[in-house]
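Sequence annotations record features per position, and here Swiss-Prot assigns region 'Disordered' to 1-384, 837-878, 1285-1311. Residues annotated as compositional bias 'Basic and acidic residues' in Swiss-Prot: 28-40, 181-202, 336-351. Look at Swiss-Prot and you will find 61-83, 219-237 tagged as compositional bias 'Low complexity'. The feature phosphoserine is assigned by Swiss-Prot to Ser126, Ser127, Ser267, Ser268, Ser270, Ser336, Ser338, Ser342, Ser343, Ser857, Ser859, with experimental evidence given as support. The compositional bias 'Acidic residues' annotation in Swiss-Prot covers 155-166, 290-306. Look at Swiss-Prot and you will find 241-265, 352-361 tagged as compositional bias 'Basic residues'. Annotation source Swiss-Prot lists domain 'Helicase ATP-binding' at 476-664, citing sequence analysis. Marked as ATP binding site by Swiss-Prot on the basis of sequence analysis: His489, Cys490, Met491, Gly492, Leu493, Gly494, Lys495, Thr496. According to Swiss-Prot, the motif 'DEGH box' annotation covers 615-618.
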Amino acid sequence: MGKKNPNARHTDAATPLTTDDSNSSSVSRRESATESKSASESESSPPRSNTKQSRTHKNVKASGKATVSSSSDSDQAVANSSANDEEKEPVCKIRIVPLEKLLASPKTKERPSRGSQQKNVTINDSSDEEPLKGSKLVLPARKSRNKNASIIELSDSEEVDEEEESLLVAIPLPKEAQQTKPEKNSSKASKESIEKRQKAQKEATTSSARAIRSVNGTRRGSLSSERSSRASSSRAESPPRPKRCVVRLKRVSLPKTKPAQKPKKMSSDSEEAATTSKKSRQRRSKSESEADSDYEAPAAEEEEEEERKSSGDEEEAANSSDSEVMPQRKRRRKKSESDKGSSDFEPEEKQKKKGRKRIKKTSSGESDGDGDDDKQKNKRKHIRKIIKTKDLDLTTKEAAKEEDDRRKRIEDRQKLYNRIFVKSESVEINELVLDFDEESKKALLQVDKGLLKKLKPHQVAGVKFMWDACFETLKESQEKPGSGCILAHCMGLGKTLQVVTLSHTLLVNTRRTGVDRVLIISPLSTVNNWAREFTSWMKFANRNDIEVYDISRYKDKPTRIFKLNEWFNEGGVCILGYDMYRILANEKAKGLRKKQREQLMQALVDPGPDLVVCDEGHLLKNEKTSISKAVTRMRTKRRIVLTGTPLQNNLREYYCMIQFVKPNLLGTYKEYMNRFVNPITNGQYTDSTERDLRLMKHRSHILHKLLEGCIQRRDYSVLAPYLPPKHEYVVYTTLSELQQKLYGYYMTTHREQSGGDVVGKGARLFQDFQDLRRIWTHPMNLRVNSDNVIAKRLLSNDDSDMEGFICDETDEDEAASNSSDSCETFKSDASMSGLAASSGKVKKRKTRNGNAGGGDSDSDLEMLGGLGGGSSVQKDDPSEWWKPFVEERELNNVHHSPKLLILLRLLQQCEAIGDKLLVFSQSLQSLDVIEHFLSLVDSNTKNYEFEGDVGDFKGCWTSGKDYFRLDGSCSVEQREAMCKQFNNITNLRARLFLISTRAGGLGINLVAANRVVIFDVSWNPSHDTQSIFRVYRFGQIKPCYIYRLIAMGTMEQKVYERQVAKQATAKRVIDEQQISRHYNQTDLMELYSYELKPSTEREMPILPKDRLFAEILTEHEKLIFKYHEHDSLLEQEEHENLTEEERKSAWAEYEAEKTRTVQASQYMSYDRNAFGNQVMGQFGNASGSVTSNKIFGFRSDILLQLLNMKISKDHQELNQNQVIQLVPTYLQQLYNEMNNGDPTMYKDLLNLHSNIVHPSGMYMNPLLYANQNPNAAGYNQGTGGVPPMAGGSVAHGPPAAPAPGFEPDKVYEID
């Protein structure tokens, strides 16, 4: 076959290829094309590059013998039958084969090579022949094109359109042409005819090239005529031959189709047939669409194909047709985000659905999406390459550059500030300058010295940090909108005072700073605390003319709007709750006039405040919540976020909060995931490689450095110099026999009967945890739950009764309406006869999701069963599965719960020494049970008749006097009143506070207590950490003791070990709503495993530093299996464990310590009778047990109090804050004097000690004599001491006899 000139361009008009009976008819139609049309096409078509043409030819040549004839055996059979059967009608068929299939290795056996005479062969044997060049598929003009028809035309032009795609088309010719097919040993005449035909084709090619270069219409017409005549003569002389061509298809978008109307309801058989037919049509259309458009397979698909072949599926793949292969590839390609090959052939409706699917697919930066399989949860992933800095979004680079420039300016300014104002020899901070003149070196803005005296060093640094981050300088604040920061100081470090100081400085100097309005947004429980803190700290400032607006005091919206408008016009500080701000800042709020809405938008949004402070800012961690959206709409960029919850490992919270205070600093979410989250997360798996670990550390360091300019962290180690020590004990309690029986039945039988399934049931996990918690608390908890289920059934259809229910997290409007009598509902009138439900009364309480009943605050998954029609309980009630195992009289037996026994014993010991106790629980039902048994103890003390057994526990427990309860049902005013009454150190009767962890774990100050019981484990360990800081904060003067009670061998122990023991709670924030997605099948099976009876024997415990806890360990050996001291606020260090002999020796020393007489020079007891009368010269015996560490014979908390008194006496001009700062200095002086043998200060402390009337925690609580036997404390008196009279008054008790041989004026050697 003659080769054509690649540069030549044919100008013949292309006509449609039809199925006529001869090839000559097709040729004649092509010759009859108008010359003018061909001339215009040749003239208008510009020269094109031959790159794609050459690439196409190269691909075809590279295919070798893998041509169209090897596509499938079925096509060869059709072609052979068409060539050999002379009697059949002529046929012209087009076979379209994807290019990757042609380039692949042939699936049939290779045929033996043939001679040179086999060049002209049939279509079935033409695999060795080079394909015909120059054929092009041309589409008619758009005007003449039928939109609903698919037209294919054949052209001899070699031009390549950039938008078109090439396919090889095999065309079997009619029988007239195939009858002239040359065979082996052909005659000489046939060879001559072939040579003539080739010569004619060569001449036609030459004439075509001349026609393309011609610009004259006449010459072009003559050349076209000459070419046509020569081509006709050559075709007449040469016989027709089989022919192959390259067809190029162009994508044509289909017209929009109207959605089909909903068909009528059909029978099941017809519906199934219609569905099958529809699916087959969809598969067929997908196959055709894929074959017409997508001819290049991705590399991943080629690899999958090769793997499939190598695994033994080669024969199946060879016999499969295109329609069987393409739909599978179509489904895979749907998931590809970058591939859009078949989008033009899809209807618009399908394209939209396809787009919605792609949204769910994680992008390049979200490879660790939550939708992965459980198998991939704990395994490393192949993350994408980290985006380079130059490829980041423009806003990201601009924000990073702006932050870098700001930090450089602050560093330079700080160096100059240190040279001017900071004196290295100065110990106390005399002034805090926020801005100064660089030339004159004069202070332009400084903090009021009255407030400065109240600040600790870390608070001074915090105020300076907030100013630098938000304002930088006075000049910058006037020219730029400013930015924000996060003050991530630990709980109890005085973030409120820092904000008060900064706000006062800005508002007093409003002409310089330009700040008139400061907005404080906080949780509902801390709104009043903020107003109180502003009022109390302003007293120490020289200027206190700042107006503070507490909007929560006003209950109606018109008054709130009026006060907000007044604040906006007059200036000052406004305090709002998060929910109230969300309601008032809502543009679409109902019930407001247009003018009122405009006033609210002006005051709160645009222009809004000049500075906004968001307390407990971790509530803004989700940018999709309505509160986050409302706060983000504020125009001001000067935003301060306060949070005491550590953020080191919660990367998503990082992004949401940083995006709020420093927009675009971390880039888009996709960039943030790619640059930080994926590498850091990928290095935390057990199978992470060394490279993953290095990359994780590297990216963590970069993230820390990037954010240190806008986040300031201070942990609780800052408190250590100012607060007494803290000890935290994790106590593992055993289960009673009844609890073990209930637990075993639930795990083996009841769960299966109720449809329990471990695999993938996160909701079921929560429900089981709630039911099991009721078991290990006390069987009475099961009764409380059953009564609550009955209450829900009775009140499910009564909407009127729902108005009396109280929500655990209520809005301000609801809290205001329920503030009068809501808190009184938690104490039932039926305390004598058990719980209220047992006597027909129902406690009305609303759970977090609005359901009725006294359920748990975080338990929304209880099985309610069917609704009951009356008050009688259905026999098949699933909540009463426990009744066959528990008798009614056993419900009031306190010995069925080791946890309750330990709690009551702690209360008894604390009552004896005057310590106050807090009890935190996640469950409102657990608090109900504790209240119930306190009422039984009260009845036992007052000799009332009751059914039950509370042992030897006695005491008066009256709600509102002896103990308080704080949960979501209490209004803000009631919370404040209860906390104030409890914190009164002279009120020794108020000694217990029951608190719901979710409702009272934030924002309250209860430093009057120094002991905390965490009654149950929380899924979120940060809640327990918040509970600890209710007592361990500034203002605490006693050593703090924390007791975590955990049921041994149960799911509670598994949860604690997973969430707390293996991860420091200060560095972990877990979203409890995502727990079901964080547990795979193996994790769930581990949680459901239990060992109620330990396989090992109880070891001798280490002697605790808390002597009160040592008493309980000695008395209740069978209830406490083991314990360990664990500081949840610090990284744990490996310590050497004591041997068994060393532990026994320590306990023997402790027992001997309890029974011997102790000299006052060594120890001072908390018992009042251990201290004599100074007038009589009797310092008395220090008999009794020791409850704390001693320093020179004093308890550490007593010594701190005495040092405070001495400093106040020596320096009467100092305030309390300055006195506390001098305590370490006086303590060091005491050590030095005692080491040198000088007892001057020691004697002064002894004199102060003897003059104290009621030191905190020093004497026996006088209520002990009024309520119960004084010997109930369990302390043995020394030989020289006189025991107090039963029922006698403490103030008039008999003096203790002096210790033998003890002379007060003599200096004794200190142990």
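Just so it is clear, glycine is given a Cβ too, placed from its N, Cα and C backbone atoms.
Shown in sequence order, Gly462, Leu487, His489, Asp615, Leu642, Gly644 are the residues of the chain, 6+ apart in sequence, with a C-beta less than 8 angstroms from the C-beta of Lys495 (ATP binding site). Thr496 (ATP binding site) is surrounded by 21 other CB atoms, counting those within 10 A of its CB over all protein chains shown. Of the chain residues outside the ATP site list His489, Cys490, Met491, Gly492, Leu493, Gly494, Lys495, Thr496, Gly644, Arg714, Arg1033 have their Cβ within 8 Å of the site's Cβ mean position. Other C-beta atoms found within 10 angstroms of the C-beta of Gly494 (ATP binding site) number 21, with every protein chain shown included. Counting only same-chain residues at least 6 apart in sequence, those with a Cβ under 8 Å from the Cβ of Met491 (ATP binding site) are Gly644, Tyr716, Thr1025, Gln1026, Phe1029, Arg1033. In sequence order, His458, Gln459, Gly644, Arg714, Tyr716, Val718, Leu719, Phe1034 are the residues of the chain that are 6 or more apart from Leu493 (ATP binding site) and have a CB within less than 8 Å of its CB. For the motif 'DEGH box' (615-618), the DSSP-based tally of helix, strand and coil residues reads 2 helix, 0 strand, 2 coil. When pLDDT is averaged over the domain 'Helicase ATP-binding' (476-664), the result is 88. The Cβ of Gly492 (ATP binding site) lies under 8 Å from the Cβ of Gly644, Tyr716, Leu719, Phe1029, Tyr1032, Arg1033, Phe1034, each of which sits 6+ residues away along the same chain.
For His489 (ATP binding site), the Cβ neighbour count at a 10 Å cut-off comes to 22, with all displayed protein chains included.
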